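Undergrad: So Swiss-Prot has the following annotated:
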SITE      GLU111  site 'Important for acyl-CoA specificity'
ACT_SITE  CYS142  active site, acyl-thioester intermediate
BINDING   LYS163, SER192, ARG249  substrate binding site
SITE      SER192  site 'Important for substrate specificity'
ACT_SITE  HIS235  active site, proton acceptor
ACT_SITE  GLU237  active site
Amino acid sequence: MPIKIPDNLPAKEILTKENIFVMAESRAYSQDIRPLKIVILNLMPIKQTTETQLLRLLGNTPLQVEVSFMYTDTHISKNTSYDHLQTFYQTIDEVKQKKFDGMIITGAPIETLPYDEVDYWNELKQIMEWSKTNVTSTLHICWGAQAGLFYHYGVEKVPLPEKQFGVYPHKINVPNVKLLRGFDDEFYVPHSRHTDINKAQIEAHPDLEILSESEQAGVYIVASKDGKQIFVTGHSEYDACTLQQEYERDRARGLNIQVPENYFPNDDATRKPLLRWRAHSYLLFSNWLNYYVYQETPYDLSR
């Protein structure tokens, strides 16, 4: 089934070329189906790239999904135009009276900053508090996962001696959990971060469960026992070339960056990267939409 997005969203053309089933708003209005209402709080600097990555995954399920975008009004974006934000995005003040079936909170390249030094931290706390009553299930990604774990459960982030950068094998900790239904015993996920989360604090919390982790990359997926809060520390949504672009960007800046692990064949950065996380990324988002959103949300969101 399709994703429903604004007719003139730039990501629409890219997704259509990839044969992702995109339905324009004008056509969707003629169908007598209630789509799942998903709101994406996009904290990434280059918002159009993240839009395309997430819409690609949301559009690969049997469910019709209507996507809205949010941004933080207390932060001035340097990499996304004001016109784009005004055309396609809303603030918490504009959506706070609405309810959504699901929400995605993206990462942001600010994990080394203390939370109270993030210029939109107070607004983000307001959004996360609002989500507890206005969203059926929220999926947090990378820094969004760290921020969510800290806000909701007091789990601290911890600095890493060097950047966790590469594609790593992961295992399933909790057999038969719905979020990982259909996953192989071992699967790969990209990571790109300077901080980790305190595993001991997660294990000590009665409302949290570590669903998946990696010997090299640490905790990967944490979920609340009721499924309303999902925290994913990696970047399953990344394109094949995203880590390569980050590596080349940091090298151009003169940073001491290592070649992403398990990414280029024989760690040779001149060769085409290996894409080996696509199937599991589609499955992760499909399972979340099906088991944690669609099967849990009321038909009438006003209830």
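Please read every residue number as a count from 1 along the shown chain.
Backbone N, Cα and C define each Cβ position, glycine as well.
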Undergrad: Checking the contact step here: among the recorded positions GLU111, LYS163, SER192, HIS235, GLU237, ARG249, which have a Cα within 10 Å of the Cα of the residue listed as 'active site, acyl-thioester intermediate'?
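TA: Those near the residue listed as 'active site, acyl-thioester intermediate' - Cα within 10 Å - are GLU111, SER192, HIS235, in sequence order.
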Undergrad: Which of the listed recorded positions (LYS163, HIS235, ARG249) has the least company, meaning the fewest other Cβ atoms within 10 Å of its Cβ?
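TA: Output over recorded positions LYS163, HIS235, ARG249: least Cβ neighbours within 10 Å is ARG249.
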Undergrad: Under 8 Å Cβ to Cβ from the residue listed as 'active site', same chain, six or more residues apart: give me those in sequence order, or none if nothing qualifies.
TA: THR50, GLN53, LEU54, ARG56, LEU57, ILE141, SER281, PHE285
Undergrad: Specify the count of other C-beta atoms within 10 Å of the C-beta of GLU111 (site 'Important for acyl-CoA specificity').
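TA: If we count other Cβ atoms within 10 Å of GLU111 (site 'Important for acyl-CoA specificity'), we arrive at 19.
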Undergrad: Setting LYS163, SER192, ARG249 aside, what same-chain residues sit with their Cβ within 8 Å of the center of the Cβ atoms that define the substrate site, listed in sequence order?
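TA: Nearby residues not in the site list: PHE165, LEU243, GLU246, TYR247, ASP250, ILE257, PRO260.
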Undergrad: Which of CYS142, SER192 has the fewest nearby Cβ atoms, counting only those within 10 Å, among these recorded positions?
TA: SER192
Undergrad: Taking only the residues the record lists as binding substrate, namely LYS163, SER192, ARG249, what is the largest Cα to Cα distance between any two of them, in Å to the nearest whole number?
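TA: It comes out at 15 Å between the most distant Cα atoms.
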